[in-house]
Amino acid sequence: MSENKKLRVALFFGGVSSEHEVSCVSASAWLRALNEAPCAGRYEVFPVGITKTGRWLACHPTPEAMADGSWEQGADCVPCILSPDRGDHGVWLLRDGQAELVPIDICAPVMHGKNGEDGTIQGLFEMARIPYVGCGVLASAVCMDKALANTVMDAAGVPHCRWTSAIRAEVEQDRAAVLDRAEAALGYPIFVKPANAGSSVGISKAADRAALDAALDVALREDDKVVLEEFIDGQEVECAAIGNPDDPANITTTRPGEILAGAEFYTYDDKYKNGVSQTVIPAHLSEEKLDEVKAEARKAYLALGCAGLSRCDFFVERGTGRVLCNELNTLPGFTAISMYPKLMEHEGVNFPQLVDRLLQLAVRRRKGAY
């Protein structure tokens, strides 16, 4: 790649996921940033929207059309595919019976949840040998599956709450045994989550057996595996991590921020609709405790094999002060209310600078491999 040449960035957004709308809003922020300094002089953006039904469309929407979903009606939308052929290194436009190759330098999957954050699209980027923003296939898949992520964190000594899991077949074959196991291991209240979902979709808090029984059905509507965790009475804090594992000395974790949820727990509506939750940076913790959260975030980031970026979510238990890792999000939100860009801004990195840094990390991680 010539240093004077603008790098063409394929900006992937939307997707077949319950978080489709959040992705569109996040990607609209990227689109704006890519047209501001320092990005405007370095990159050319090539948006690729993926509809809820899985159609891939090359398009050139405004940030507003991207955010509100009207991009799909754009007259400039053209069906496309990312070629897995390593000789192509780009996207094929399929128009009027003709195919036109558009070379791509970097892929930026600003997508959340299944089919975007779970290693699937990352696998396609790997096959195409195109550098991409964020974690690789394995880390993306493991972090997406909360049961697998918990298993890795337990093995690595990253502190976590008590938990258990069940697959759909177990629930269908012996529901009572699943309920008994959760009650014996965790006690009430119990949080029930789809193993593979984000943005608090499908999560319930169960105070008794009847509520736990119903919560299993809610979670199983989103995934074939559920994770059940003990309730932690604590502050919800989040830490942004950025950097590549091949250069661990330059992996940075920010000072943690705190979520002041507007409900019993931080729900999807709290995050994106109601506007009742608040964020505070830094979190209301002692300097010693802030440093402990930062250290555990770094430990979890490395243990799970993350690259590029991740948002690391924790509880700090009231009374004991225990720092407990909740989960890592490998492609966190980039909306106006999202914590990851706010945490980076608090460190002095504005949004366009953050986007530039993530793209540069993608290039560096793959330098020499392609």
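Each residue's number is its place along the chain shown, starting with 1.
From the backbone N, Cα and C atoms, a Cβ is placed for every residue, glycine too.
These numbers come from a predicted model, not from an experiment.
According to TrEMBL, the feature active site maps to Glu19 (among others).
TrEMBL lists Lys146, 191-193, 199-200, 229-236, 326-327 with the feature ATP binding site. A sphere of 10 angstroms centred on the C-beta of Lys146 (ATP binding site) encloses 25 other C-beta atoms.
Positions annotated as domain 'ATP-grasp' by TrEMBL: 150-360.
As annotated by TrEMBL, active site applies to Ser199 (among others).
Summarising the annotation, TrEMBL assigns Mg(2+) 1 binding site to Asp313, Glu327. Taking Cβ-Cβ distances under 8 Å and a sequence separation of 6 or more, the neighbours of Glu327 (Mg(2+) 1 binding site) in its chain are Cys143, Lys146, Ala149, Asp313.
In this structure, Glu327 (Mg(2+) 1 binding site) is part of a beta strand by DSSP. The Mg(2+) 2 binding site annotation in TrEMBL covers Glu327, Asn329.
As annotated by TrEMBL, active site applies to Ser338 (among others). Within the same chain, residues at least six positions away from Ser338 (active site) with a Cβ under 8 Å of its Cβ are Ser26, Pro332.
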With H, G and I counted as helix, E and B as strand and the rest as coil, say where DSSP puts Asp313 (Mg(2+) 1 binding site).
strand
Suppose you look only at the domain 'ATP-grasp' (150-360); what would the mean pLDDT be?
94
I need the CA-to-CA distance for Phe231 (ATP binding site) versus Glu19 (active site), whole Å please.
25
Note down the number of other Cβ atoms within 10 Å of the Cβ of Val192 (ATP binding site), including every protein chain shown.
25
Which same-chain residues, if any, lie at least 6 apart from Asp233 (ATP binding site) yet have Cβ under 8 Å of it:
Glu317, Arg318, Gly319
Of the binding-site residues Val192, Gln235, Asn329, which one has its Cα closest to the Cα of Glu19 (active site)?
Asn329
